[in-house]
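Asker: What follows is a structure written as structure tokens; I'll ask about it next.
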Amino acid sequence: MTGENEDEKADREGAPPRGHGAFFGRRKGKTLRPGHAGLMAASLPDLRLDLDRPAPADLHALFPVDIRQVWLEIGFGGGEHLTQRAGENPDVGFIGCEAYVNGTAKMLAQIEQNGLANVRLWDEDAKRVVEWLPPASIDRLYLLYPDPWPKRRHRKRRFLGEEMLARLARILKPGAELRFATDIDDYAAYALARVARSADFVWTAERQADWLTPWEGWRSTRYEAKALREGRRGAYFTFRRV
Ligand SMILES: C[S@@+](CC[C@H](N)C(=O)[O-])C[C@H]1O[C@@H](n2cnc3c(N)ncnc32)[C@H](O)[C@@H]1O
């Protein structure tokens, strides 16, 4: 007997480390390799949003290239999806948020390797970016496999709760899509119940295939690949800002 309860065991075996309250700020994994540490020191300051200043009224000012839209990805993990989409859409400005230091370092390497000029990053809690962004400024939002927090008593730590939906509604343009993927049925049901109660979003699905089929051009993320290996499958929800 270790005295460890179910929740503690879940945390130890895979759920993210705890921090203060609903989110835990910056997180570190293994020591960064020298190339990545160098990028954190040299590139991140140029690419990082400056939340100490008010956001520009027109977000195009954040990017050194001409862009037609701004897309936001929250919790980009290793940055596979962000890199792919930013490469495919050089005329879209991307804001990527990831609090895990090793993920941000990987993303910096991919930005450099692919010569991406249309990406800006935030390496702490994404909630601060959501608060900072001007109203109706984002054309698309990706929330791909947010931390599942499967235990009932941890549900309030889930990113996509009632309050966050209202905050996201503020920053999304009318007609903008919130694209949410999860492999956890209970998180899907939790999010759908909240979207159904929200006057700001509609779920666009008409048939089962709509949420079982990934979005066009989809390539699996690192987390999704792990979920598939473990026998779970992803579901892909598109919520439209009304
Ligand atoms: C389960 S992982 C999925 C990563 C990636 N989207 C994928 O599919 O491979 C969730 C990620 O969201 C990040 N994250 C969770 N809450 C966050 C927050 N409030 N701000 C920034 N990043 C966050 C975590 O650090 C983690 O890398």
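Every residue gets a Cβ built from N, Cα and C, even glycine.
This is the feature table in TrEMBL:
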type: REGION; residues: 1-27; note: region 'Disordered'
type: BINDING; residues: E73, E98, D125, D147; note: S-adenosyl-L-methionine binding site
type: BINDING; residues: K151, D183, T221, R222, Y223, E224; note: substrate binding site
Asker: Greatest CA-CA distance (Å) over the residues E73, E98, D125, D147 that the record ties to S-adenosyl-L-methionine?
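Answerer: Between the outermost Cα atoms of E73, E98, D125, D147, the distance is 14 Å.
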Asker: So which binding-site residues out of E73, K151, D183 are up against ligand 1, CB under 6 A?
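Answerer: If the test is a Cβ under 6 Å from any atom of ligand 1, the answer is none.
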Asker: Taking the Cβ of K151 (substrate binding site) as the centre, count every other Cβ atom within 10 Å, in any protein chain shown.
Answerer: 17
Asker: State the three-class DSSP label for E73 (S-adenosyl-L-methionine binding site), counting H, G and I as helix, E and B as strand, and everything else as coil.
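Answerer: Where E73 (S-adenosyl-L-methionine binding site) sits, the three-state DSSP reduction gives strand.
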Asker: Compute the mean position of the Cβ atoms of E73, E98, D125, D147, which form the recorded S-adenosyl-L-methionine site, and then list in sequence order the other residues of that chain whose Cβ is within 8 Å of it.
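Answerer: The answer, listed by sequence position, is I74, G75, F76, G77, C97, A99, Y100, A126, P146, F159.
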Asker: Measuring Cα to Cα, how far is D125 (S-adenosyl-L-methionine binding site) from T221 (substrate binding site) in Å?
Answerer: 21
Asker: About how far apart, in whole Å, are the alpha carbons (Cα) of D147 (S-adenosyl-L-methionine binding site) and R222 (substrate binding site)?
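Answerer: One finds 13 Å between the Cα atoms of these residues.
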Asker: Note down the number of other Cβ atoms within 10 Å of the Cβ of T221 (substrate binding site), including every protein chain shown.
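Answerer: There are 22 such Cβ atoms around T221 (substrate binding site).
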Asker: When the number of other CB atoms within 10 A of each residue's CB is tallied over all shown chains, which of the binding-site residues D125, D183, E224 has the maximum?
Answerer: E224
Asker: Validating a neighbour-count step here. Other CB atoms within 10 A of the CB of E73 (S-adenosyl-L-methionine binding site): how many?
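Answerer: Result for E73 (S-adenosyl-L-methionine binding site): 25 other Cβ atoms within 10 Å.
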Asker: Output, ordered by sequence, the same-chain residues six or more apart from R222 (substrate binding site) with a CB under 8 Å from its CB, or 'none'.
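Answerer: Result: G77, G78, E80.
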Asker: Comparing the binding-site residues E98, D147, which residue's C-beta has the most other C-beta atoms within 10 angstroms in this structure?
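Answerer: Its Cβ has the most other Cβ atoms within 10 Å: E98.
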Asker: Using the alpha carbons only, what distance in Å do you get between E73 (S-adenosyl-L-methionine binding site) and D183 (substrate binding site) once rounded?
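Answerer: For E73 (S-adenosyl-L-methionine binding site) versus D183 (substrate binding site), the Cα atoms are 18 Å apart.
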Asker: Determine, to the nearest whole angstrom, how far the Cα atom of D183 (substrate binding site) is from the Cα atom of E98 (S-adenosyl-L-methionine binding site).
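Answerer: Distance (Cα to Cα, whole Å): 20 Å.
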